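Take a look at the structure below.
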Amino acid sequence: MDIFKVLSRGATIQRNGKHRKDLTLLNHAAPKDTQDNVDIEVARETDFFKTKTDTYSKKRVAEEAELDNEEEEEAPPPIISTPEEAVVFRNKHKINITGEDSPLPIGSFEDLITRFNLHPYLLANLKKNKYTDPTPIQCESIPTMLNGRDLIACAPTGSGKTMAYSIPMVEMLGKKKGSKDAKKGIKALVVAPTKELASQIFNAVFSLCVGVGKKKDELKPCLLDKSTADKLRNGKVSSQKYDICITTPLRLVSALNDGSLDLGSLDLVIFDEADKLFEKGFATQVDDILAACPSGIQKTLFSATIPASVEQLANSIMSTDPLRIIIGNKQAAAQTVEQKLVYAGNEEGKLVAIRQMAREGQLVAPVIIFLQSIDRAKALFKELVFDGINVDQIHGDMTAAKRASVIDRFRNGEVWVLICTDVLARGIDFRGINLVINYDVPQSAQSYVHRIGRTGRAGRLGKAVTFFTKEDATNVKVVVNVMKQSGQEVPDWLNNLAPLTQKERDNIKNRPIKRKKISTQHALANNKKKRAKQQMKGLKKMKKDDE
């Protein structure tokens, strides 16, 4: 439905005289049911991320209930009960499993009831939060974790990885919570690279924990943010009251060093976005975290991309028999994302291209635009604000509260275009993103996959456009390789580019291209300014010489 059609709906004027009676309607309120229906339609069209609750009339609720009752009975939930059925399932979803004695995947969440005696409250919470059918990574990882196996899991962005580890984590801890010899304190630890992702994981886990555990003693997750860390440090709260801790590496290491957090009861540690956590920037902190964990605990790693170097490190911390689950290609993007490369020539050409997209109606909200630096994000924000586009920005220079506010406004549809750096590229789930634009070519395949993974999530279709210039002749090969592995069409002349050497990959990742300033000003105007400055310098020098 076109929102502008809804807003501009009019009336048909009758010319047989009967319209006079209808004119009296101008003096009265519109019929409530009709007005409610229009309001609901408009609200739905502007609620990009489906965050608002519809205000249904009683009549509408009754009608929908009647339709539900008329639906045919659903078929029984699927169950995978033999190795042969598992092979068919894995071939269908391009699942590759490495390791001995891998358990059968589940066919449905109901399958967990018979196989693992799933906690009834957990199943109810899944249904309440509209998790009806497990995704391929959930089908494989849930039974693997419930069997106590260490796990390295790689699945496309938007494929449900958070629930893939949250469901078995809550189920395992829920059963222990009700036992007589249950330990007090943090029993599961989830580590994520960014505050935003950690907060999102906490919300997902919290929604699953409702009612799980003994009566009046539910599982208690905590988000180790600044506020919670201060309370722990000051003794206002004890870590013993929590069962699950969700945190970023630096915050956790700080709490471990000052003694405010104890991991002595830990049974499970989960590294989300493991490819980022096992890079050099986080390596020392991850080592400190692992050193604080009891020996022999269960370890799991999840990510959308797992390079060979990261996998090698991951294997070194695992038990002797970890399972490795790969959904699709470990360096490919989700199949639901249509990828496109646009040659812009130079920096001025990028501005022209994005403004042309705006004029032609291609910036269908909501849209995310990625840039390589904070300064460039700020500059593009100023340009698009001047163009009258409903845009905002988010980057590392902003406070956590300000970033959270911008994210909320974007989720609620108050902001249509969001400009950001890679701070938003990992894990943040905006389910309704229509378009991702890489204004600057990303510096690695992992960065590209995570950026465009903000769209095409949970089975929805999305688009990703990457601008590149003549300065990106080498960098663009990173994008081309991912596009090929994802089955996307690549122009012939780009297909013929020589493959990247390891040295080139390292240079691209560690040395960002020095790009010209983002500005509307024409080169001629810049030259005039330059000449004026030179003339001013000359005049000052002449004046100084005369003195």
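Using the three backbone atoms N, Cα and C, a Cβ is placed for every residue, glycine included.
The feature motif 'Q motif' is assigned by Swiss-Prot to 111-139. Long-range contacts of the motif 'Q motif' (111-139) within the same chain: residues 77-80, 89, 93, 95, 105, 146, 153, 155, 159-161, 163-164, 167, 170-171, 174-175, 207-212, 325, 327, each at least 6 residues beyond the stretch ends and with a Cβ under 8 Å from a Cβ of the stretch.
Among the features that Swiss-Prot reports, ATP binding site is placed at Ala155, Pro156, Thr157, Gly158, Ser159, Gly160, Lys161, Thr162. In the three-state DSSP classification, Ser159 (ATP binding site) falls within coil.
Residues annotated as motif 'DEAD box' in Swiss-Prot: 272-275. The residues of the motif 'DEAD box' (272-275), classed with DSSP into helix (H, G, I), strand (E, B) and coil, number 2 helix, 1 strand, 1 coil.
Taken from Swiss-Prot, the feature domain 'Helicase C-terminal' covers 336-498. For the domain 'Helicase C-terminal' (336-498), the model's average pLDDT works out to 91.
The region 'Disordered' feature in Swiss-Prot is assigned to 511-547.
Marked as compositional bias 'Basic residues' by Swiss-Prot: 527-547.
Summarising the environment of Gly158 (ATP binding site), the number of other Cβ atoms within 10 Å of its Cβ, over all protein chains shown, is 25. Report note: the ATP site is defined by Ala155, Pro156, Thr157, Gly158, Ser159, Gly160, Lys161, Thr162, and the residues of the same chain whose CB lies within 8 Å of the CB centroid of those residues, excluding them, are Thr135, Ile137, Ala164, Ala304, Ala334, Gly453, Arg457. Applying an 8 A CB threshold to same-chain residues 6+ apart, the list for Ser159 (ATP binding site) reads Thr135, Pro136, Ile137, Ala304, Ile327, Ala334. Taken through DSSP, the motif 'Q motif' (111-139) splits into 19 helix, 0 strand, 10 coil.
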